[in-house]
């Protein structure tokens, strides 16, 4: 390097470490319509001011590093840096703050959830200045939303494909989740679909194991659903899990499902990864397959209240990446889910425009500009006594999925499916007649059980089942 070049590079450059807040804390900043906005729950280490912590998050998730570098002078930091533009304390929590960060859109590759998350929830979560960090919400600007395909088909197209309207859809996860042969698995699928369910489902960890290879499962399940369709006159589906060890193998399984003529396949989007999921969603749209999404591994990311990422962010990411269904919790079953918070991200999955509402955990107004919606799937420890509450909470545009609540029926799989279908039809009819499902739900189920022995037997088996545990965290 020549002396002249050295002199030029060193002009205005001072080596060393600067406080992040001098560059990245900008409370006067006016956010732009094109900015990606993030709300982080920040727990600073003792002695670290909240402004410095918020600025550190903005820096480490955008252009910053631990020291000043001379190459900063070769670009426009003001154009590309993230900015912490507001900080507020969290009510009732000691040393916790919500830090709002704005990111310029040019920081992100178009149509890539993978790239967006690599920046926003990447290395910054291991930053030593923070005791804990949680991403509570994201505002995805319209200009970025329009770079994504989103769900392969969406709610209305799915209803048209299935020719089913005016009620939630019914599903069942085949149990035991592991260990059945393909033929016995297909038998359970047939019995549940014949009994009145719309869908049956592979469990999330059913891929291609020694006891049941994927091709055998696909063949027996396809035979089962076509037989059930012929006998009931209704369109049926089974979520064939295409998740695999490589993207190439995943697409091979999706191709085989399409060749069989089945309507829907499935993917584990967190363990499989967003790149794989987006690729599969594109294939499904191009080839007329619905795509069911399981959220296995979500609690590793979202269960801690002060660290990780709230599921509403994962739900938004899924709507961008692509999926026609996604598991969303039940509010009433065996898995965690607070009612208002759950309904907040259910609206973010289904609705075209969602207003800011902090009481439901929605930190930003979100405009999806007609990106197709995603059906929330309520699944986990639910049975016929939960049907009125589920119908009232989730409404028509949902999938209610009863695994043990179908297959655990004392008379067998088909009667278990009948019991759930009768309970659902009774609840929908009662709601349409103006009855209050929240107040009269148990009575509605009892009335229906008088003319349905299958429902009466189910009511007796599960009358005392509750999943109520004191929260310890």
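Each residue's number is its place along the chain shown, starting with 1.
Cβ coordinates come from backbone N, Cα and C, glycine included.
Features reported for this protein in Swiss-Prot:
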{"type": "ACT_SITE", "residues": "175", "note": "active site, proton acceptor"}
{"type": "ACT_SITE", "residues": "294", "note": "active site, proton acceptor"}
{"type": "BINDING", "residues": "201, 203, 204", "note": "Mg(2+) binding site"}
{"type": "MOD_RES", "residues": "3", "note": "N-acetylproline"}
{"type": "MOD_RES", "residues": "14", "note": "N6,N6,N6-trimethyllysine"}
{"type": "MOD_RES", "residues": "201", "note": "N6-carboxylysine"}
{"type": "SITE", "residues": "334", "note": "site 'Transition state stabilizer'"}
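The sparsest Cβ neighbourhood within 10 Å, among the listed recorded positions (175, 201, 294), is found at 175. Sequence-ordered, the extra residues of this chain that approach the Mg(2+) site, with Cβ no more than 8 Å from the Cβ center of 201, 203, 204, are 173, 174, 177, 202, 205, 206, 239, 241, 266, 294. Within 10 Å of the C-beta atom of residue 204 (Mg(2+) binding site) sit 21 other C-beta atoms, taking all shown protein chains into account. Nearest to residue 294 (active site, proton acceptor) in space, judged by Cα atoms and limited to the recorded positions 175, 203, 204, is 204. Its Cβ taken as reference, residue 203 (Mg(2+) binding site) is surrounded by 19 other Cβ atoms within 10 Å in the chains shown. The two recorded residues, residue 175 (active site, proton acceptor) and residue 203 (Mg(2+) binding site), show a Cα separation of 8 Å. Under the DSSP three-state reduction, residue 203 (Mg(2+) binding site) is assigned to coil, being neither helix nor strand.
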